[in-house]
Amino acid sequence: MDEQSVESIAEVFRCFICMEKLRDARLCPHCSKLCCFSCIRRWLTEQRAQCPHCRAPLQLRELVNCRWAEEVTQQLDTLQLCSLTKHEENEKDKCENHHEKLSVFCWTCKKCICHQCALWGGMHGGHTFKPLAEIYEQHVTKVNEEVAKLRRRLMELISLVQEVERNVEAVRNAKDERVREIRNAVEMMIARLDTQLKNKLITLMGQKTSLTQETELLESLLQEVEHQLRSCSKSELISKSSEILMMFQQVHRKPMASFVTTPVPPDFTSELVPSYDSATFVLENFSTLRQRADPVYSPPLQVSGLCWRLKVYPDGNGVVRGYYLSVFLELSAGLPETSKYEYRVEMVHQSCNDPTKNIIREFASDFEVGECWGYNRFFRLDLLANEGYLNRQNDTVILRFQVRSPTFFQKCRDQHWYITQLEAAQTGYIQQINNLKERLTIELSRTQKSRDLSPPDNHLSPQNDDSPETRTKKAGSCSDMLLEGGPTCASVRETKEDEDEEEKIQNEDYHHELSDGDLDLDLVGEDEVNHLDGSSSSASSTATSNTEENDIDEETMSGENDVEYNSMELEEGELMEDAAAAGPPGSSHSYVGASSRMSRRTHLCSAATSSLLDIDPLILIHLLDLKDRSSMENLWGLQPRPSASLLQPTASYSRKDKDQRKQQAMWRVPSDLKMLKRLKTQMAEVRCMKTDVKTTLSDIKGSSVASTDMQTNLFCADQAALTTCGPENSGRLQDLGMELLAKSSVAGCYIRNPTNKKNSPKSARAIAGSLSLRRAVDSGENSRSKGDCQVLAEGSSGSSQSGSRHSSPRALTHGIIGDLLPKSEDRQCKALDSDAVVVAVFNGLPTVEKRRKMVTLGTNAKGGRLEGMQMADLESHSEAGEVQPTLPEGASAAPEEGMSSDSDIECDTENEEQEEHTSMGAFNDPFLAQPPDEDSHSSFPDGEQIDPENLHFNPDEGGGR
């Protein structure tokens, strides 16, 4: 079929409206012409309801659907394409040189040629030839394979497109669902608001109705009275005047106060937008601030972990300086990403209390940390005083700024970020505490290993056994002996001199390491809390814009130019109150000569603290747990303060360490007169209680003086020493001991002030003294089994020391030891303490005239030694059961009663201390005193002399044991 015939057939199957190929063909029932459905529908609906070809009336439903026409048009298209392709092939498949049909493929040249080129052309001599049809089939096969791959790829892409379309549809549906939810929620919120409005209106309408009824009643009454006045004659008015006055009285019986109602507040809580968080900034001395070019910052406003403050230029900023008041809001701490916040700045009209005259500017801006948004031209400076915004009497301007998150969702996000920051800080604190615990455990294990490796010296007491397993039995038997009135015997644990020195050096090194760790923890904690509180000012700045509003401040927020109000550094104010008397020894700079006294006290207290560390590792672990809980409780407020008596180093530091601690304490330890006054008041109360205790002791001593005088210089075998007191006096002495222990705990409550003498050596000495009572009793039970007798004056003095004003805190003397001891052992120790005090009272608790004659074991670096003569006397009298107090030199006396807390301990001079060390080292025989874990301190009331006649015990009972 030629091209013309194909074209004529194609003309038949062409739409007579658009003259294009038929698409969804329709047939006119009148003229049988074919046309596109879209074309005829558009014609019938927009033009006329008739056929465009035959003009016959035609409706859309009358059209005939010609489904066969589409197949015919496709076949015509194929015929046209084939005819065109064949024609083109005939033109292209000819050789350009010979005009012959291309029939050969040169495999060497990769080119299609004719047979003449292959045979006679001369250009393809020796080449490999293949039939053109074969090569064509190979290429068609390859192309079809690739086409199949592309079709598969196309189908995959189509499926992906369909999946994306489904995803788009799902997203739209989800959005529509959220919109419906929001609409429902908003409708419910609106309904709740309508309910609130209805309730408020019901209340108001009830008030209005009662008032309206009363006004209508009064109006009708007035009209009636006026009518009577106009219409009645004089006689009638006189006769009705009583009735009218009675009506008036009835009206006045109801007071006006009954009509005064409580106004209904016009506020409705929004469930979508949070309320504003506001703060007020009062610019005092405004005229003086105008003369400066520096900005003024308001106190910080903490909102959900964000720190906001107002930045005010009293004389204007930039080009408006001298003309306008510039006010900006700064985000000094918060989330790292940019967030939008709504803010409002209000200047209060001070001439009257009308809030409608306040200048209010509000806007919403995107804030970053350190960025300022506000108003460069907030208000004209020349109109401040004239308009009433500047109080000329006080020279003040009051600004109120408010800020909020746009939605509750953003506010919850800010709070979640703040909680994350706090949890991270808490994790850091816990990690540091665990590190300190590990260090403490390592040091304690190292000390225990060194103690186990060094062999004990059993030269004097080879059968000494003071293991922890036998302490319970010893305490019980010793308490029974004290209750029976028998003599108290105490054995002295003896160790080598080099072992004592090694343990003291290790303990002092441990104190230094622990103190440095605690100090690092304290300082790091303060820095992190300062960062969380947002009190640190940001130094970042952004570009400025001198537009009318929403100007970004450009000036650098330097700390030197900031005029701070109400102490922007919050932690500095907190440290002023409780660091005046809590610094390490030698670091106080508030008093003249305090450093010298504190250094001497540190020397006296070093051995006492070392002995406390050697007592039991569980005690220190428990103390550190207490500190851990205390720091967790104070995490949101003040910094954790470790216990000064144990966790703060009391050993003598090197000069370099002292200088470093002085520099660290200079900026955080100012003097505080209020704290000193409070301290003096508490010390006066403690002195009063001590006077009461002394009075009671004097009464009991007077009642027992008859029994003690009868036994002067007699050491017989009868039991007349304590039986003369009778059962009543014995019970009274026992009750007195319990009362004295109770009063000592009360005195410890008064002394327990964390800001007063935290690091006093007396406190550590009293701790060791109170704990040494149990050690002395344990050693006494051990020595009683061997027939040796020693003095219990050291243990009893430790008990009396705990009742003085230098007693240790209750958390150390009662809480910790009570937790470590079993219940049965605790009850035995209580009876033991009370009986030890009874024996000390019965013996008069004599004192020595000089302070250096008092027993203070553990204060010497090498440990207290017993003199040879005193030990010989002790051995000579031990057979008869005599107990004499041994007083080695180098001990310090107890404080006098009238001395204040700052001058309680007046230690010996350096020369005297040297003499003491010289005299102590002069002995060849190493008579060792109690080791550091059992040392104690003795203190006696002033004015009483020591006398062997007052120390009588029953020798029979002691010898029998």
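Note that Cβ sites are derived from N, Cα and C of the backbone, with glycine treated the same way.
Listed ranges 90-132, 176-218, 219-261, 262-304; the one Swiss-Prot annotates as zinc finger is 90-132. DSSP labels the residues of the domain 'MATH' (276-403) in these numbers: 19 helix, 66 strand, 43 coil. Note: the Zn(2+) site is recorded as Cys95, His98, Cys117, His124; in the same chain, Asn97, Glu100, Ile113, Cys114, His115, Gln116, Ala118, Gly121, Met123 also have Cβ atoms within 8 Å of that site's Cβ centroid. The number of other Cβ atoms within 10 Å of the Cβ belonging to Cys117 (Zn(2+) binding site), over all protein chains shown, comes to 21. Non-local neighbourhood of His124 (Zn(2+) binding site): Cys106, Thr108, Cys109, Ile113, Cys117, Ala118, each in the same chain, at least six residues away, with C-beta under 8 Å from its C-beta.
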